[in-house]
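S.K.: Take a look at this one; I'll ask things after.
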Amino acid sequence: MASHNPPLDALVVPSEDYHQSEYVSARDKRREFVSGFTGSAGLALITQKQALLWTDGRYFLQAIQQLSDQWKLMRIGEDPSEDLWMADNLPADAAVGVDPWCVSVDTAQKWIHAFSKKQQKLVQTSTNLVDEVWKNRPPPEINPVIIHPLEYAGRSVEDKLKTLRAKLSQEKAHGLIVVGLDEVAWLYNIRGSDVSYCPVVHAFAIVTLNSAFFYVEKRKVSDEVRLYMEKNGIEVRDYSAVITDVSSLASNQLNMSSSSIDIAGSNGTKVESQSSGLIWADPAQCCYALYSKLNSDKVLLQQSPLALAKALKNSVELDGLKNAHIRDGAAVVQYLVWLDKQLQETYGASGYFLEGDGVRKPKPSDSEKLTEVSVSDKLEAFRASKKHFRGLSFPTISSVGPNAAIIHYGPQAETCAELDPESMYLFDSGAQYLDGTTDITRTVHFGLPSAHEKACYTAVLKGHIALGNARFPNGTNGQQLDILARVPLWKDGLDYLHGTGHGIGSFLNVHEGPHLISFRPRARNVPLQASMTVTDEPGYYEDGAFGIRLENVLIVKDADTKFNFGDKGYLSFEHITWAPYQRKLINTSLLTSEELDWLNSYHSKCRDILAPYLDESEKAWLNKATEPIPA
């Protein structure tokens, strides 16, 4: 920082990679390298005398545990935001460095505005300073690009490009810079393995009214993929060429090579003069390095048209997601059956069904004991046995007792806790299948839960049911719905510090926008629409004691209402996640008759839907777990 030209008063180290990804590859975990904090969200700021880390409520406890005393934790929503802190605490004329590839247009412009009060300046570093001191930085991986078959994608690349070009014409734009890895993968019907848990390829795309480009490390592209791209009118170029091509796009000089196929005449889109059009860039995803090559008054800074198109699942994707969740539900039930048996045999636990102290057994040996990691490995094995399994969709949150109060806890084999039958156990997990992505959370107790634990679990369940059963008019956004999941907790003065729901990909990222269900203002931006997916995951966390979360994936669908006020049309949700809620954690006296009816109906469907995937002993366990609860 001191030897940089100009010398830097501060350096920002974001969590994101060149594509503003939530989950990044090992060599892009720069913020984790400098801070030691492993959460997926956060921003590090290093000045000549201080080191600060901002993160959100999911990670407060984790950050406290992982940060050394050289770091100060800044709690998003409680402490000043990073732009205000820098503007107020750094000297006038301060130079603040950032790698412009790792920061979005939105974020960079927010900082520049904040810095203007004291003539501070944002400096784009020509190299990443963290990389210069990261001696053992992992090398780049060369993983192949994979074609995602139409039988799972449901829409052809030709159809997607035709729709996109019509949107460009409508917005008087002649080109779109595609930066998000999941958007590139969705648009070109490809997948990869460049980022753990996310089946994506490190790549950019540029689409104009009469051309399309795919920027990728060429060693990842087989002859089959190259021919596939050519057939779809897409030219493959080197990953590093994107910055010069963005400059060419800005000066209306970006052209396909003569060997590429020009599909302008066959896509049904009228080709307009490029010189009069805008260049479309998503300010939340486009990195500042690329934006800096554009003429700012010729840029359409607007959410990518691919974000909503990807979120609105087609019928093939919806069927695939439903089937994937059935197989996934079977794996979760098999896991619960196995875990119930192991805890009874190894620890003398009373088990999943009985409330009691159990039978004390001698402390198990190291080879026999169950840990947060060893049991989550078993859950992964059950999933891996299922058709179309391609890996996990995020690191499994397997957490017992106080660890479950760390919202995004990540157990490590060397330090994780042993399972305790007298403590709550929360597992939040999911998988990538060729036909869909899954995400489910259940919280269970294999001993004697306290009345307080039961009351908290029941309040979370009531919120979960209330949101899942909601009916609402078209145009309703996720911020308006978020309250439904919280009201039962609020009645007892309880709450949780995370959002309530996120979209989910179709064999893509487990967290998918542009919509979400949350108290955060950005949940107002996009109304929910039929054929979107969204999770329903309220929770409650008591520091040092326990954590509770329940999560199902829902599909938004048209509701069959008696009336249709304002001719708006109404929407509702369809559950596609199948696994039981633990009867002994529910204080049924707190449930209304409608809630009880829903619970019994859901459990009845679980039995019918999962039975074909289970053996006789597993079916018997599930039948017991889903017995009707009397009114």
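Count begins at 1; order follows the chain as displayed.
Cβ atoms are placed via backbone N, Cα and C, with glycine included.
TrEMBL: automatically predicted annotations, no manual curation.
These came from TrEMBL, pasted as-is:
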- 8-127: domain 'Creatinase N-terminal' (DOMAIN)
- 368-557: domain 'Peptidase M24' (DOMAIN)
- 569-629: domain 'Peptidase M24 C-terminal' (DOMAIN)
S.K.: If you run through the domain 'Creatinase N-terminal' (8-127) with DSSP, how many residues end up as helix, strand and coil?
M.R.: 41 helix, 30 strand, 49 coil
S.K.: By DSSP, how many residues in the domain 'Peptidase M24 C-terminal' (569-629) are helix, how many strand, and how many coil?
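M.R.: Taking the domain 'Peptidase M24 C-terminal' (569-629) as a whole: 37 helix, 6 strand, 18 coil.
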S.K.: Do you know the mean pLDDT across the domain 'Creatinase N-terminal' (8-127)?
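M.R.: Across the domain 'Creatinase N-terminal' (8-127), the average pLDDT comes out at 96.
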